[in-house]
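According to Swiss-Prot:
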| type | residues | note |
| --- | --- | --- |
| REGION | 62-264 | region 'Thymine dioxygenase' |
| BINDING | His189, Asp191, His239 | Fe cation binding site |
| BINDING | Arg255 | 2-oxoglutarate binding site |
| REGION | 392-561 | region 'DNA-binding JBP1 domain' |
| SITE | Asp525 | site 'Involved in J base recognition, conferring specificity towards J-DNA' |
Amino acid sequence: MESSTKRIKMDIFNFPTIKETRTPEEVAESYAEAVKLHPFYDNAHCVIDFYDSGTIKDGRGEIIGVVLRKALPKYATSMASALLISAAVRTSLRSMIFGGESPLSGIAGYFDYRGSPVELKSRKTSFTYEHEEAWSAVFPVVDYVSEIYRHVAPERWKAQNNAIPDLVRIHGTPFSTLTINSRFRTASHTDVGDFDAGYSCIACIDGKFKGLALTFDDFRINVLMQPRDVMVFDSHHFHSNTEVEVSCSEEDWKRLTCVFYYRTALGEPSSYAEYRRRLEKSKQDPSFTPVVSNVMMKENGTNLNRPSPVHPVPPSPFWLPMLAHCLQHCASAAQSVHEAMTADGSQLAEIIFGEPLSTSDGIPLRGDDEKLKANGDTGAKPLSRLGGFSETDLMVSTAAEKRKYLDSEFLSHCISAQLLDMWKQARARWLELVGKEWKHMLTLNPERKDFLWKNRSEMNSAFFDLCEVGKQVMLGLLDKEAALPKEEQAFWTMYAVHLSAACAEELHMPHDAMSLRKLNVKLKDFNFGGTRYFKDMPPEEQQRRMERKQRIEEARRHGMTGAHEKRANWLTNDSFDYQTEDCVVDYAKHKWVLPERHAKAVTKNVHTAWLPTREEVVRVLVVLPDLQIRVEGVDCKLEKPDTVEDSSEWVRLVSSPAVHRLLAAAQRNLQLPDDVMHGNIHIRFVFHSTLPTDMYDFVVLQHVLSRIPDDVLASSYITRAAALCSGCLFVEETDVQCRQYYTLKYSIRRNYDAVAPHFFQQLHQASYGTKMARVRTKGELEALIPTVCCARYKLQGSPLNTTIHVVSPTAPH
């Protein structure tokens, strides 16, 4: 319940950022400075979106990352996320990789605090110290991740395990520290301070979102991660996150990730000196028995905190079967095609896919003026200070979602019982008096819709009393004696929305009778001018109110004592309390699978060895769409639809020289090309209505699905084609959606959507003679795939916006 309470408190004050001290110009300057050092990379930056489990290596065979899908048990991630969600708080320490804004991030476990104003170093984080009793909730997920790491990269795991001081292990693993990120899209960075000779691990432990892939920036590959996915990776390569894929700004999403690593400064001589000092001090207290009785120094290796060297791999669609674990049976054959396709001067991509892997003068990328801010989710919003809170739509809508937190059910976990009782009584009294006055108003005018507030009424005095209680509730939720302006804004907005809703729902008043503006004006009276009523009261009433205010404050402080003591104790904690939070996890009692057995099962298909060379012939079948219409001659002209008028998006699409070359070229399927023999690669061509019956290593569907408008028939065709390949299927199609779609301003998205289908349909008519091509979005294409979609490859600059989905011929077991 402690973690749940902290999560509630954090969410109450997690309102849109309102920074009165920063002008829009200052925010823009901060953003520009941050992205200059740490740029954001959109999905379109990379040529590969990797969806399945796989091993990603660089050009010299070094592992960049190993990703495993659904590799963590649900109970383990659920337990960990319930605790760790409250560790991610607004922090300016990582603002440079969030466009100059403060992201939701935090650390747990042990930390060195080198370079920090915290006086005492090399110890438990405040989060672990404050949650010591609940800390065991993270042990299962830490154990599972450690065992997966050990099975995937045993030598790296061993080196890290041998180096980490035993005092700072999390549950006996080679991890000392966890970094927890919530709704945090990181800009390009490397992780500084991790163990050079080991790897870090990242797991998504909760969320409901699309996009936000982990990108290896120098290798141009996006790794999609969803809840329960794990990746063991070299965090010294530059990495970042792609954009979140939401259709509108109001669409809700959440994402919680945890990074597991060894913070090497904890193994340096200065940290060992701190451990020994604490141990010697503890020995002076005969009543204290440390969990660890000695400090054994270990070799920590050389840690330079430099980016890993980059040995790039020239990408192609045939590189992807070499990565995917489920396609290892055809990896050597794919390697033969990949090496031939990426050789200097090779035209194999044009032969197999009908166009090159990259086109330099294709559809242009967007400028920053057309895009949303990469960290726009937390951007500064305009402040309309009309009283006690901001009346901007975003603040009010956010408060409407959070008003439930002022219900007794939630407050009972967050403030003292005495203060809660005062809140309930003051709230009930004010509502009683409002109801009494409203009933009287309706007697005078049954058609009345607006509540008339009387400043000298008993109801007004009850409102001020409720505000006094509310103020102490706010401070009790914050666990401090004074609130920041932005915290006051958040609370009073929620307070007003809560009371307005109570009048409507409990007193059955019209929705706007007790309006937010009315409450805002009265809150302004309370917060900034309420004392003018106080001075007119009789002395005995003034004394009664002063005593009442003191009792409310004492009720609030009574509930805060324990929390404040715990936090203050951490700042001054100089004890040798290493590993006091550790305990045994009884996997058998809970009927949980043992970490070693679980890791063995989820890593059984992991391949990290070099691929053998394929000597036999590699058979590739390329399927072309049947010709529907023959375009007479070449040099086709685009017909501008009547609905377009003067669309800048239409002008942008048709401005590409590559588009004009495509229109001037002959149709690609006027007749079947002859078979091609390229080294040991044999390529055969057929029309989509005459599929053969013999087997091939690979089958390529070249814009075939655009000829099949019915989704059921299109999906069935994929199944038929997949049955012809022993390796994998390549589904090549136009993605009608702009590759930067989710980064665009909403007005530009609408303008693009209005012209893109017609534009690509005309290009298909010119290229393949398709009368009315069914061009689909990425999501629509992937919904057709009945088996496993391992990855998506994007032909760069393609005038047809061509993407290639790599599909396993069989469904997962």
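Positions of Cβ are set from backbone N, Cα and C atoms, glycine also.
Projection of Swiss-Prot feature records onto the structure.
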residue : record                                                                      : DSSP class
His189  : Fe cation binding site                                                      : strand
His239  : Fe cation binding site                                                      : strand
Arg255  : 2-oxoglutarate binding site                                                 : strand
Asp525  : site 'Involved in J base recognition, conferring specificity towards J-DNA' : helix
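When Cβ neighbours within 10 Å are tallied across all protein chains shown, the highest count among the binding-site residues His189, Arg255 belongs to Arg255.
Local packing around the recorded positions Asp191, Asp525 was summarised as the count of other Cβ atoms within 10 Å of each Cβ; on this measure the leading residue is Asp525.
Neighbouring residues of the recorded Fe cation site, listed in sequence order and excluding His189, Asp191, His239, comprise Ile97, Thr186, Ser188, Thr190, Ser235, His236, His237, Phe238, Ser240 (Cβ within 8 Å of the Cβ centroid). In the structure as shown, the Cβ atom of His239 (Fe cation binding site) sits within 10 Å of 24 other Cβ atoms. A gap of 40 Å separates the Cα atoms of Arg255 (2-oxoglutarate binding site) and Asp525 (site 'Involved in J base recognition, conferring specificity towards J-DNA'). Looking at His239 (Fe cation binding site) and Asp525 (site 'Involved in J base recognition, conferring specificity towards J-DNA'), their Cα atoms lie 51 Å from each other. The two recorded residues, Asp525 (site 'Involved in J base recognition, conferring specificity towards J-DNA') and His189 (Fe cation binding site), have Cα atoms 49 Å apart.
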